[in-house]
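These notes concern the structure reproduced below.
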């Protein structure tokens, strides 16, 4: 036990308040392979030294409280306390620092994202000594990640189930998201799938409302995808949203989907909660269902640059909790997403091993070992003119989801789906032939539109759209 980190319990109990940094700021600490490491962006209140602010975060998210308590002497704080082991100034920002905190593995319940977040971010964000606090990244040690099942199936198993290789998968969110009857909803699904899409999708807020109860929607969508499969010879799917007000109701909906023989269900993992999500992911693996994850509510948590939590942390948490797809921004389109940062967390979702790279916002090297990967889903204000950029940015292991970019086609849903499928196949072929999608993308789409009237019509409709 190193002298600078040892907590003296043998000298007798002394009541009162002492500076956190005396116990929790340990710049000489060498991190262990089993530690969970966190990088916090800390903005202290005026007059609060950064060392005290970083130590306060370590204390309040592990063993500490606001005053010395006599029961500290009944345990080994040196074994269980979080430690702020390094602080660096954020370049270009006034009074802002990155505080690195190491947490001993024994602080966390095995296989529980819920417990991990309750400990690390559950209480400390309202701390008075801090003006703002943001969790930028976590390093999940192998010894902890191996206690999680992770995604129900992963990328390779999904491709094998669908028998689709060598290209991104194509999807579409059914619009209008609310108000359609179940039969009309199923008709929209059928038109999109027969036109060439791989998936259609319930919107995140489609659950079981008076205008369309969940069982009716499930039945009509199952009929639609079976009919489209028979016509096209391709395996099709519709993300049936199983999110519900209780875990029991959610599981009932997932069981119904399994009985209908559909390949995939869906969950809103932030509004539904990590406990519910992990339960559903376990059910999906045991019963051969793929699991699509929507990140509704994420911007409430991750959009502010100096407070909250970066989406890369939510992405890592989802991979641990379980999901085969997750929405990950687009870089292009209507929703915010910076290219390098987006690609950083896309790699954290898909790859087995990701090197530390601060230029992409990756603060720690992450080794997922054997945990399956998650397909990133690009959606939000995208259309056929974005296809070359999306194909280049996201690569084959992704889902490109065009809602309005399919259903807004002037000739209807099926021609909209045809336009997207033709554009995608043209981009993949051009890439495989060695053409530069970033430089020649528009020309590739124009060439393809010469032999696809559906694509030509789509190009005309969205030629002036700028997000």
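Cβ from N, Cα, C; glycine included.
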Further binder of substrate named by Swiss-Prot next to 123, 173, 177, 295, 379, taken from the candidates 86, 238, 327: 327
Alpha-carbon spacing, residue 175 (active site, proton acceptor) to residue 203 (Mg(2+) binding site), which is rounded to whole Å: 8
Rounded Cα-Cα span from residue 294 (active site, proton acceptor) to residue 203 (Mg(2+) binding site), Å: 9
Chain-internal residues near residue 201 (Mg(2+) binding site), provided their CB is under 8 angstroms and they sit 6+ positions away: 171, 172, 173, 174, 238, 239, 266, 292, 401, 403
Extra residues within 8 Å (Cβ to Cβ centroid of 201, 203, 204), Mg(2+): 173, 174, 177, 202, 205, 206, 239, 241, 266, 294
Sparsest-packed of the listed active-site residues (175, 294) - C-beta count within 10 angstroms: 175
Integer Å distance between the CA atoms belonging to residue 294 (active site, proton acceptor) and residue 204 (Mg(2+) binding site): 7
